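As recorded in TrEMBL, the features of this protein are as follows:
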DOMAIN    17-360  domain 'Kinesin motor'
BINDING   GLY96, GLN97, THR98, SER99, SER100, GLY101, LYS102, THR103  ATP binding site
REGION    228-252  region 'Disordered'
COMPBIAS  232-243  compositional bias 'Gly residues'
REGION    348-387  region 'Disordered'
Amino acid sequence: MSPKVPGSGRGGAEESPVQVAVRVRPLLPKELLRGHKSCISADPAARRITLGHSRHFLCDFLFQEASGQEEVYEACVQPLVEAFLQGFNATVFAYGQTSSGKTYTIGEANISAYRDEEQGIIPRAVAEIFKLLDENDLNYFSVRISYLEVYKEVFRDLLEVETPSKDIHIREDDKGNIVLCGVKESEVECLDEVLSLLDSGNTARHTGATQMNPKSSRSHTIFTVQLEQRRGGPGGSGRGGPATGVRSSPPHHLLSSKFHFVDLAGSERILKTGNSGERLKESIQINSGLLALGNVIGALGDPKRRGTHIPYRDSKITRILKDSLGGQRQDTDDHAISPVFLQFGEASSSAPSCPARHKHQGRPAVNQANEPGRVEGLEHQIGLGRP
């Protein structure tokens, strides 16, 4: 059930679908007190969920109410970490209706308040990244963190909140890589530094009370880990190998990769939320961004549309994720679903997107730069003591 590590097929990189994971959260105490009933039944063997009595949906991973954070991480995300260290871009989306547990699953909520077993995807993934880097003999590696919010289709740097949104721009280089200009990238050396940045960014994120959630996320966020690494040569002296998923590269080849952790604001049915004024405007923008993302993934998964225009520019969230959605990437789409009967309609609007995402195929490629001339020149300058 784990995503295949790219590059093992006869033709090099293999077709890599978006993996869809569905996690059903338990009923909350307040829901039990109100007499709410579960509207969802799950068949783990068939990887199928049923909403009500007749709406059936398939997925790649299915986690029921008793599933813990570690189980979700090991099944869905651990293989992506291994691919990330091989030089592939990776993305994890947390998607679902408001108050379904997305932020808890992705690992952005109250990190310091949770016990180790309750830590979400981001803390676990970053801890494993540093562990694997420490186990491999690398000539050089650099880990940088950025944390961006998309609020009402406007960028906001959560690590440098004073940066005006007009100073943040998206560019595309000659290789098709998305480059963010004006966004702070903090170089980090350990897990604690990453969690400190995550905590400080979370305090700046837009949240607000709605009828469905007293502290609802009112924006999409993209927490990005960028890795650059260089190894000594073929079959290098490090301990990396099949066990870690890190493979050697030729001398002076620089591997660069990005891991996006995306916490999408909760989908909302405006008539049911009772939102008005500013909250109503937020809901419209949230749903518009989610629709644009669904359209892009649907277009990528439609064989009839291969080679045609993909509407990445319809929203900021799809624009920034272009090189992760459409190229050198591996993805997992984590759907968080509330089991409450009252929210049946909202859950059903989330679940049908699973099959469309499951069809999305892409051919991942390693982000590798061959730079022997530049590296040797710099090494020569260092040896001569030149600036």
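Yeah, the Cβs are placed from backbone N, Cα and C, and that goes for glycine too.
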Mind telling me which of the binding-site residues GLN97, SER99, SER100 has the densest Cβ neighbourhood, counting other Cβ atoms within 10 Å?
SER100
Give me the mean pLDDT over the domain 'Kinesin motor' (17-360), rounded to a whole number.
79
Just name the winner among GLY96, GLY101 (the binding-site residues) by count of other CB atoms within 10 A of its CB.
GLY96
Helix, strand or coil for GLY96 (ATP binding site)? Use DSSP.
strand
Please state whether DSSP places THR103 (ATP binding site) in a helix, a strand or coil.
helix
